[in-house]
Amino acid sequence: MMEIEQASSSSGGYHRRGNNNNDDTTSDHDNDDEGVISLGGSTSMRARATYLVWQDLTVVLPNFGHGHTKRLLRGISGYAEPGRIMAIMGPSGSGKSTLLDSLADRLSKNVVMTGDILLNGEKRRLSYGAVAYVTQEDVLMGTLTVRETITYSAYLRLPTSFTNEEVRDIVEGTIMEMGLEDCGDTLVGNWHLRGLSGGEKKRLSIALEILVRPRLMFLDEPTSGLDSASAFFVVQALKSVARDGRTVVSSIHQPSSEVFALFDDLFLLSGGETVYFGEAKDAITFFAETGFPCPTKRNPSDHFLRCINSDFDVVTATLKGSQRHYEEPKGSDAYKNFSTSEIKATLAEKYTWSKYAKKAQSKMKQISAFHGPQTSTISTSQAGWWKQLTTLTQRSFINMSRDIGYYWLRVIIYSIVSICVGTIFYDVGTGNTAILARGACGGFITGFMVFMSIGSFPSFIEDMKIFTRERLNGYYGVAVFILSNLLSSLPFMLLISLVTGTITWNMVKYRHGFSRYAYYCLNLFASIAVVESCMMVVACLVPNFLMGIVTGAGIIGIMMMTSGFFRQIPDLPKLFWRYPISYINYGSWSLQGAYKNDMIGLVFDGLAPGDPKMTGEEVITKMYRLPLNHSKWLDLLAIIAILVGYRILFFVVLKFKERASPFFQSMYAKRTVYRLNKRPSFKRFPSSKRQYNLRPLSSQEGLSSPIP
Ligand SMILES: Nc1ncnc2c1ncn2[C@@H]1O[C@H](COP(=O)(O)OP(=O)(O)OP(=O)(O)O)[C@@H](O)[C@H]1O
Ligand SMILES: [Mg+2]
């Protein structure tokens with residue numbers, strides 16, 4: 001869901017424009033209390049206003065076997081507005097990522113969510129481009145430099161009408177905004193290349209999303225791994241995106257006071273419960289009113305987290321246990337007489353009845369009734385189909401050529417194995433024993449040599465991870481990805497076939513003739529392409545390295561078994577193995593084509609001297625029991641048809657996963673909720689009804705508490 005405005009000038013107008021609107025948007029919020037939702041600014045700014053509301057959001061981890069059903073989020077509600085940046089804060093494990101994942105419709109399959117999410121007043125799933133989400137993990141292409149990564153991302157999403165100059169300006173502006181100038185030409189890095197630092201990777205991931213100024217942006221701990229100055233600049237850049245009329249929601253871990261001051265709203269979570277939701281600056285007052293004021297010398301966010309992080313109970317107990325003379329940390333009066341779980345429960349309880357909760361509720365009501373721009377008109381990427389295809393093909397080609405493990409390692413291994421095959425079957429000739437030798441050599445090359453294509457599986461898994469991230473953020477469609485992946489890999493597969501073909505052809509001394517040599521290489525090429533496509537389907541269905549390799553090896557093993565070499569085709573059990581497996585198996589077509597290409601026209605010696613000679617045709621029909629009723633080119637065509645079939649299957653599987661999984665998930669959710677509700681132990685609301693006596697806290701470090 002990204003809308004990109006045409007730059008007003010070619011020299012960085014894209015970013016300047018964002019900053020110029022600052023005042024328009026900030027002034028809006030001041031009108032909120034009058035119950036009017038109005039966005040100032042330009043018409044285009046109003047048109048891209050994105051209001052997000054979540055109501056009674058509950059996420060549970062069902063456990064029907066044994067143990068408790070764990071509640072990850074407990075009926076939380078809130079909203080996010082354009083022009084403002086919201087911080088989701090809470091201790092580790094409090095549900096920050098779960099909240100963002102629920103909003104972005106990216107929860108894992110084992111959990112169940114209930115509640116409503118409204119985007120501009122409409123119930124909607126925020127997947128596939130509806131939201132730009134920078135997740136906690138960085139999924140980047142390791143072989144590209146920072147500048148290349150951002151540039152490709154820009155070409156994939158910015159409108160095709162942008163000139164190269166304009167795109168370059170935007171890219172450079174984003175690099176500067178994220179402070180990546182020093183590592184602009186550094187490779188991101190992968191398993192064999194040491195590249196960017198963790199913080200730089202994080203900033204790059206953010207840069208990729210703020211590049212297009214998305215209407216709705218989620219970030220999961222964007223400042224983790226950054227020093228406080230870089231964290232400040234990152235959040236400031238996010239604030240500038242928000243001020244441009246965009247809606248920004250970010251989870252954050254212990255921000256410095258400067259960073260905290262940049263946030264407009266605060267959502268404080270603890271154990272999946274709301275402790276506070278409202279304007280960030282009001283949180284300090286709320287804590288003070290509740291009896292836990294922030295000491296003047298302390299960073300407010302530290303204070304909030306110190307109050308709600310139950311782990312501190314364990315820390316205190318451990319310290320007390322391990323030190324004979326345990327000294328209370330200075331200024332810890334507020335925590336001395338209460339356990340943090342008590343403080344947390346008090347805060348959550350007080351918040352429910354506070355004016356902040358009331359204000360948030362009335363605001364939520366107004367926003368829910370507000371019907372802004374139709375979300376259906378929100379487009380994902382603004383680049384044309386052709387532009388996306390060329391950009392993606394180019395990027396994928398560069399990745400393949402720089403990643404040693406993708407193809408180059410295989411070129412070397414194929415060459416070595418080819419030399420081995422060449423020496424074993426060297427100058428095979430036309431003696432009687434050559435009949436079997438030629439058959440075995442063909443079987444090995446179309447079977448085992450092709451089998452080695454499985455080696456690219458780890459790279460496929462990396463490709464699939466990047467595809468998943470980019471697809472979810474709405475970079476491009478499934479068809480573009482599949483086509484670009486095929487196109488970029490073709491030159492490498494051709495190279496492998498040519499290297500293997502040339503070495504074995506010349507060493508084994510197959511029959512001369514360019515067309516035979518060309519067929520031999522093409523046959524190999526088509527077979528490798530089929531196996532690669534099959535492996536892509538496996539990588540998509542089984543995205544685990546080891547499991548995927550085992551599954552892929554099993555499938556290709558079956559193809560080898562039914563290709564006609566290990567068991568002749570007429571002898572295969574008719575049911576299943578002959579029909580349909582031997583027909584939809586590239587191996588049987590490939591082997592038939594290879595035998596025809598090699599043997600038709602050859603004459604072999606008889607078994608004993610003086611025995612009648614055998615023609616190649618006789619060998620094929622009588623010994624290998626293969627029909628000669630169609631030409632070898634038809635065999636090649638069948639392999640290409642299988643290749644197309646696999647690519648279509650790949651498309652169908654990806655589309656099915658996108659379309660069907662939400663349906664199955666909602667069915668699963670309904671069933672689970674129904675079953676859970678029947679359990680007496682499953683209470684809808686958490687029981688934090690205990691009241692705690694509060695005591696004056698005016699003795700705190702440098703503080704005069706407003707509570708008597
Ligand atoms: N799919 C899941 N299956 C099982 N448990 C889960 C799942 N998702 C989240 N959890 C649990 O829910 C709790 C909240 O997780 P979440 O990742 O939202 O925490 P967080 O606030 O983002 O923490 P952090 O700051 O460490 O990233 C954790 O205890 C986690 O183990
Ligand atoms: Mg998290």
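Residue positions begin at 1 at the first shown residue.
Placement of Cβ uses the backbone N, Cα and C atoms for every residue, glycine included.
Nobody curates TrEMBL annotations by hand; they come from automatic prediction.
Sequence annotations record features per position, and here TrEMBL assigns compositional bias 'Polar residues' to 1-12.
The domain 'ABC transporter' annotation in TrEMBL covers 52-296. Within the model, the domain 'ABC transporter' (52-296) carries an average pLDDT of 91.
Positions annotated as region 'Disordered' by TrEMBL: 1-39.
Taken from TrEMBL, the feature transmembrane segment applies to 407-428 (among others).
Under the heading transmembrane segment, TrEMBL lists 435-455 (among others). Residues 409-410, 413-414, 417-418, 421, 425, 428, 500, 504, 508, 523-524, 527-528, 531-532, 535, 549, 552-553, 556-557, 560, 563, 565-566, 587, 590-591, 594-595, 598-599, 604, 614, 619, 623-624 of the same chain lie 6+ residues outside the transmembrane segment (435-455) yet bring a C-beta within less than 8 angstroms of a C-beta in it.
Marked as transmembrane segment by TrEMBL: 475-505 (among others).
Per TrEMBL, the feature transmembrane segment maps to 517-539 (among others).
Marked as transmembrane segment by TrEMBL: 545-566 (among others).
If you look up TrEMBL, you'll see 633-654 (among others) marked as transmembrane segment.
Only pairs six or more apart in sequence are counted, and the transmembrane segment (475-505) with the transmembrane segment (545-566) gives fewer than three Cβ pairs under 8 Å, not enough to call it a contact.
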